[in-house]
Amino acid sequence: MAYRDNTKVIKIGNKVIGGGNPIMIQSMTNTRTEDVDATVAQILKLEEAGCDIVRSTCPTLEAAKAIGEIKKRIHIPLVADIHFDYKMAIAAIENGADKIRINPGNIGGKDKIEEVVRAARERQIPIRVGVNSGSLEKDLVEKYHGVTPQGLVESALDKTHIIEDCGYDNMVISIKSSNVMLAVKAHELLVEKTQYPLHVGITEAGTVYSGSVKSSVGLGIILNEGIGDTIRVSLSGDPVEEIKAAKLILRALNLRGGGIDVVSCPTCGRTKIDLIGLANKVEELASHYPLNIKVAVMGCAVNGPGEAKEADIGVAGGVGEGLLIKKGKVIRKMPEDQLLSALKEELDHWGE
């Protein structure tokens, strides 16, 4: 049985995580939260892409107050990201945040933490306790002679104990690092010591390309070990790209169905059609269909027909032309420039 099957069940707005519930995909807006229109517009795009939970920073009182207005116009839980000022956490909770993300070590003394917990308890709002390797406490760095998995775990548990000492256990934990294997080891150690649900991600992973690769490796290992209740693929780019990558990671691990799985060949000298261009167009086309099927885009007659037959539907290229193959049978032969439209027609009427 996976660790995630036994984690504490936590309600975040209209979503439920932990206890074996489906793994949720998160992202974070990069707009100014005070700009309600821009933030709502970005969240709606994230929703369309498949985001389950979204987080927005609340560095000012204006941003915290904007939470209420934003929530009126979106359909997924909204998490308020808080640093340094406990008043922002309370304001965000009062304005309807579905969860808050704090580091109890940097928002003030025990009395201030107790005020935040009191506000969260009154509304049964979960608290995400976040620890990052880049801001690990100096005493733990010295104790473990550097930034280590053991130090990250101790830091995370210390902070959860602070909240627990206030009589509250409605929590989610996250421990993040840009070092993939450090993050993996830290999660392996943490699950031996707590039953709180875990939000998993590789922080500061990088650009869309490099960040997706690092996150795929890190999240792939962690998730495959049965760890993780929510995930985020942190990328320097459009947040929608985070959702695309996260969905592919979960699908590759058979942790989430839905959405078309597009496979395509790497091309070689035998390819006589614009396979790369066609594959990119097919992937874009496929993103608009909630079908749980496999589509193959193959470049030649050597592997093409066989590979395409393993998919629900696919195309195999020839010399300026191609075959449309459905459920293992060739159903049409056509010029190259008609392959995409023919595939679209099939997807439009799939299952009829």
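Backbone N, Cα and C atoms are what each Cβ position is placed from, and that goes for glycine too.
Heads up, TrEMBL stuff is auto-annotated, nobody curated it.
The [4Fe-4S] cluster binding site feature in TrEMBL is assigned to Cys265, Cys268, Cys300, Glu307. In sequence order, Gly299, Cys300 are the residues near Cys268 ([4Fe-4S] cluster binding site), counting only same-chain partners six or more apart with C-beta under 8 A.
Under the heading domain 'IspG TIM-barrel', TrEMBL lists 7-246.
Remark: secondary structure over the domain 'IspG C-terminal' (262-348) totals 32 helix, 26 strand, 29 coil, with classes taken from DSSP. The feature domain 'IspG C-terminal' is assigned by TrEMBL to 262-348.
Around the Cβ of Cys265 ([4Fe-4S] cluster binding site), 22 further Cβ atoms fall within 10 Å across all displayed protein chains. The average pLDDT for the domain 'IspG TIM-barrel' (7-246) in the predicted structure is 93.
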